[in-house]
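Written out below as structure tokens is the structure these notes cover.
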Amino acid sequence: MASLQLLRGPFLCVLLWAFCVPGARAQEHGAGVHHGSVGLDKSTVHDQEHIMEHLEGVINQPEAEMSPQELQLHYFKMHDYDGNSLLDGLELSTAITHVHKEEGSEQVPPMSEDELISIIDGVLRDDDKNNDGYIDYAEFAKSLQ
């Protein structure tokens, strides 16, 4: 339970999310959660190569021309599956659990449902400033500061 107290940190800041598990090396896109920190990893949100992989065929702007703010916006839109410009609990869940395996890395054990719920609750509690149950882009961007 004490480790769940650490999940109250700001949404995208631990960062994004610290991706270190003792004895294992893995990277999760969209989440710096390795069972102890919460938020989206800033390095993931700003990872041009990863974002461009997901946006291949969607946008034609060269990645070298994208500002950090444009990368943030594209990252947000990548996880806004219903296109309502808000991230709900389910969209946050998929962002948190979106795992990218690196060659030669060990697989991180899956997060329990209770851990995932606690993280999402913490994100909404800390970053949903208007208490509407969603993270809008302004709240998302502020959580990355």
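Backbone N, Cα and C define each Cβ position, glycine as well.
So that you can see what the record holds, here are the features copied from Swiss-Prot:
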SIGNAL    1-26  signal peptide
DOMAIN    67-102  domain 'EF-hand 1'
BINDING   Asp80, Asp82, Asn84, Glu91  Ca(2+) 1 binding site
MOD_RES   Ser105  phosphoserine
DOMAIN    115-145  domain 'EF-hand 2'
BINDING   Asp128, Asn130, Asp132, Tyr134, Glu139  Ca(2+) 2 binding site
By Cα geometry, the one of the binding-site residues (Asp128, Asn130, Asp132, Tyr134, Glu139) nearest Asn84 (Ca(2+) 1 binding site) is Tyr134
Between the C-alpha atoms of Asp128 (Ca(2+) 2 binding site) and Asp82 (Ca(2+) 1 binding site), the distance in angstrom, to the nearest integer, is 18
Same-chain residues at least 6 positions away from Glu91 (Ca(2+) 1 binding site) with a Cβ under 8 Å from its Cβ, in sequence order, are His79, Asp80, Tyr81, Asp82
Near Ca(2+) 1: residues not in Asp80, Asp82, Asn84, Glu91 with Cβ within 8 Å of the site Cβ centroid are His79, Tyr81, Gly83, Ser85, Leu86, Leu87, Asp88
Going by C-beta under 8 A and a gap of 6 or more residues, the same-chain neighbours of Asp132 (Ca(2+) 2 binding site) are Leu86
One residue among the binding-site residues Asp82, Asp128, Glu139 has the fewest other C-beta atoms within 10 A of its C-beta, namely Asp82
Using DSSP three-state counts, the residues of the domain 'EF-hand 1' (67-102) come to 21 helix, 4 strand, 11 coil
Residues in the domain 'EF-hand 2' (115-145) per DSSP class, helix first, strand next, coil last, are 20 helix, 2 strand, 9 coil
